[in-house]
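> Here's a structure for you.
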Amino acid sequence: MTALTLRDFVAGYDPDLPIVKDVTLDVPEGQVLTILGPNGAGKSTLIRAVAGMVPIFSGEVRLSGRDVTRAPAHALARAGLGFVPQTENVFTRLSIRENLQIAAELLPRSARAARVAAMLAMFPDLAARPEALAGSLSGGQRQMLAAARALLSEPRVLILDEPSAGLSPKLVAQVFDSLRRIAQGGVTLVLVEQNVRAALALADRAVVLVDGRLAHDAPAAELVGNPLLGQLFLGARAA
Amino acid sequence: MTPQLLVNGLVAGTTIGLGAIGLSLTYSILRFANFTQGDLIAWGAYLTLTVASAIAGLLAGLAPATPLAPFSFGWTLPVALLAGMALTVLLALALDAVLFARLRARGADAIILVMAGFGASMALRAGLEFIYTSAPAYFTHELQIARPLGLGMRATPDQLLVLGLTAVLVLALHLLVTRTATGRAMRAVSENPALAAVYGLDVARVVRVTWIIGAGLACVAGVMSGLLVQIRPTMGFDLLLPLFAATILGGIGSIPGAMVGGLVIGLSEALAVQLLGAEWRAAAAFVVLVAVLILRPSGLFGRGA
Ligand SMILES: Nc1ncnc2c1ncn2[C@@H]1O[C@H](COP(=O)(O)OP(=O)(O)OP(=O)(O)O)[C@@H](O)[C@H]1O
Ligand SMILES: [Mg+2]
């Protein structure tokens, strides 16, 4: 069963100037896919469009086979699509607990309180002062809160935009640890990363986006240490 | 200066505060200065008056409309108020569906929304004058004697009721916003609507709730003001400057702030009337507004610039 399908997907900010061009992609259930590519290739635009944050101009998106191309963002979230933006991914004027409670609203009512408690138990930094405003957290702690809330809502497909960007090496390791755990739980993961080495180590499969188009699609292991990757990045930069 | 000024100012401030709460909520969630808020206050008063008259007409001869002692009005007014609130809410939701929602869907700038609201405000006011004429109307013709409260202050039972009802409404609303899932969703949408949607919150529902609260409170404010003063088609428009001054003074988005802002504006107006004369009433709100913008633009309860 495919968890996420894109067909001739075209998206961007201006219909006359699409950023993502004719992307077709099948992500099987349980797969960990990483999307790589040079700066400005359109990786963020692609996944933000899938999540309902950027206009889709043509083509379609399917979630577990169901056409959700025109579904509003909140309906996608309720249908099991989790998305964590790279920045501004928590509500800074809400408390840590309230951020988690909003995620818990995607679960059956009876499960909510226990899941919030379980998630706090898993992240001691957050549990230390759950009533503090998320805006008072450090950058790393905010990413942790964003990851915790994504985990909490139990999405079937989880898409993350550079979850390790700007974090210390120790925190990067922590983030990839928790991603590995999420993947082991059977969640389909789509990961945009600049940290190519760590992303390839985690992923089953990698695609490379260059100038809004899929330039390469291979098992992740094949790309590790592959000079092709450097060429794709450098080629695109030179162009 | 007399202690009575305190009573007069606070009573006038309740209407301003309740109206300002609606303004503050629409500002923080819909991100535009809603000029129709004043007219929703006037429409709320007239719709409630219409329902009250209709009830009285239907029951004519059946039950004499005796006032509910010690107040100046009978039971028809509270019943009519509930109906009036529902109708005012419907009016606001219709206005949003016909006008503001369409502009939002097109990604219109805030300035377009403000101008659209300004136009709608004029139409709403003209509609009231057309239907009800510009002659003042009253909920009651009973006269009320102000009773001594001590310290040289006097208030009518109606005035005390208005103060009490306002306190209850503001407290209830504050709890709603700070303690419930609906309030949490409102705060999340006010901070980042795109993120709220991606995280599963139905932004359209939050927008509806905002109109419901704003219009419901506007109706209560209109009825309170109509009960204590009189009902006029321009009563809402005349409140616009005080409403904006109270909203900005309290800090946009803060419910207790809007209420405190309303009371401060009410008191300043009462002070201006006493010290300078009645024609200076409107100037008081303006002076407070300018002072806040210069000294503390984020307002008393605001989040800083
Ligand atoms: N909000 C926006 N409005 C208009 N254009 C945008 C917007 N965001 C991004 N773009 C443009 O879209 C193109 C792709 O940007 P995008 O952020 O998707 O790339 P990316 O692959 O995620 O890059 P990076 O690796 O730097 O994150 C760029 O040319 C960028 O300028
Ligand atoms: Mg990006």
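For all residues, glycine too, the Cβ spot is worked out from N, Cα and C.
So TrEMBL has the following annotated:
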type	residues	note
TRANSMEM	B:6-28	transmembrane segment
TRANSMEM	B:40-63	transmembrane segment
TRANSMEM	B:75-99	transmembrane segment
TRANSMEM	B:111-139	transmembrane segment
TRANSMEM	B:159-177	transmembrane segment
TRANSMEM	B:209-231	transmembrane segment
TRANSMEM	B:243-268	transmembrane segment
TRANSMEM	B:280-299	transmembrane segment
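Help me understand the surroundings of these features in the structure.
Note on the transmembrane segment (B:40-63): residues 15, 19, 22, 76-77, 79-81, 83-85, 87-88, 91-92, 124-125, 128, 131-132, 137, 139, 214-215, 218-223, 225-226, 231-237, 239 of its chain, located 6 or more positions outside it, place their CB under 8 angstroms from a CB of the stretch.
Long-range contacts of the transmembrane segment (B:75-99) within its own chain (CB-CB distance under 8 A, at least 6 residues past either end) are made by residues 36, 40, 43-45, 47-52, 55-56, 59, 65, 68, 116-117, 120, 139-140, 207-208, 211-212, 214-216, 218-220, 222-223, 227.
Here the transmembrane segment (B:111-139) has long-range neighbours at 30-36, 38-40, 42-43, 46, 48-49, 52, 73, 77, 95, 99-100, 103-104, 223, 226-227, 230-234, 236-237, meaning same-chain residues at least 6 beyond its ends whose C-beta is under 8 angstroms from one of its own.
Non-local neighbours of the transmembrane segment (B:159-177) in the same chain are 7, 10-11, 14, 17-18, 21, 71, 146, 183, 186-187, 213, 217, 220, 224, 227-228, 255-256, 259; each lies 6+ residues outside the stretch with a CB under 8 Å from one of its CB atoms.
Same-chain residues lying 6+ beyond the ends of the transmembrane segment (B:209-231) with a Cβ under 8 Å from its Cβ atoms: 11, 14-16, 18-19, 21-23, 25-26, 29-30, 34, 37, 40-49, 72-73, 77, 81, 84-85, 87-89, 91-93, 96, 136-140, 158-159, 162, 165-166, 169, 173, 182, 186, 239.
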